[in-house]
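Feature annotations, reproduced from Swiss-Prot:
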- GLY11, SER12, GLY13, LYS14, SER15, THR16, ARG117: ATP binding site (BINDING)
- SER15: Mg(2+) binding site (BINDING)
- ASP33, ARG57, GLY79, ARG134: substrate binding site (BINDING)
Amino acid sequence: MKNIYLVGFMGSGKSTVGKILAEKLNMKFVDIDKLIEEKEGMKIKDIFEQKGESYFRELERKQIEAIVNQEGLVVSTGGGLGANLNNMNLMKKNGDVVWLDVSLNTVLDRLKNDQDRPLLKQPIEKIKQLFEERKNVYRLANIRINADKKTPSQIVEEILTKIKRR
């Protein structure tokens, strides 16, 4: 089975939904952020602080390039990975890209106590700008799911329904 890539802003539920979806489809779950943390031996926030965002984005690109040649994966991408046009096109060539679309208010509410999100340390106006910029690429996904006010299980069922229709 071809891969399923979950994209969306941080806090949209990609990892939570991805694990449930992979289990339902009997596919392997891959979390790009976790892969990077394992390979680098440090947390994402530490990579950002010590090596910078551009270094981290390059690590993301390398991971997605390594994965696209495999099959049978449900992949949780980092929020910035799916917002990169080249990465989006690469993922669409070899699978279904599912955008978990949530409002900025939902993101802020879900992540208000999360200290491990470097981008959330920026002023709210900067976060809003980033949110809007990323949506321009997320919109190119094959499937869009409104993930506001839904449980992870409800989101998974909606993804399964939409994938079956394709």
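Any Cβ shown, glycine's included, is placed from N, Cα and C.
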Residues satisfying Cβ distance under 8 Å from ARG134 (substrate binding site), sequence separation of at least 6: PHE9, GLY79, GLY80, GLY82, ALA83
Three-state secondary structure, GLY11 (ATP binding site) (per DSSP): coil
Shortest C-alpha distance to ASP33 (substrate binding site) - which of the binding-site residues GLY11, SER12, GLY13, LYS14, THR16: LYS14
Substrate site span - longest C-alpha distance across ASP33, ARG57, GLY79, ARG134, in Å: 18
Output field, substrate shell: CB within 8 Å of site CB centroid, site ASP33, ARG57, GLY79, ARG134 dropped: MET10, GLU60, THR77, GLY78, GLY80, LEU81, GLY82, ALA83
Cβ neighbour count within 10 Å of LYS14 (ATP binding site): 28
Length of the line joining the Cα atoms of LYS14 (ATP binding site) and ARG57 (substrate binding site), in Å: 18
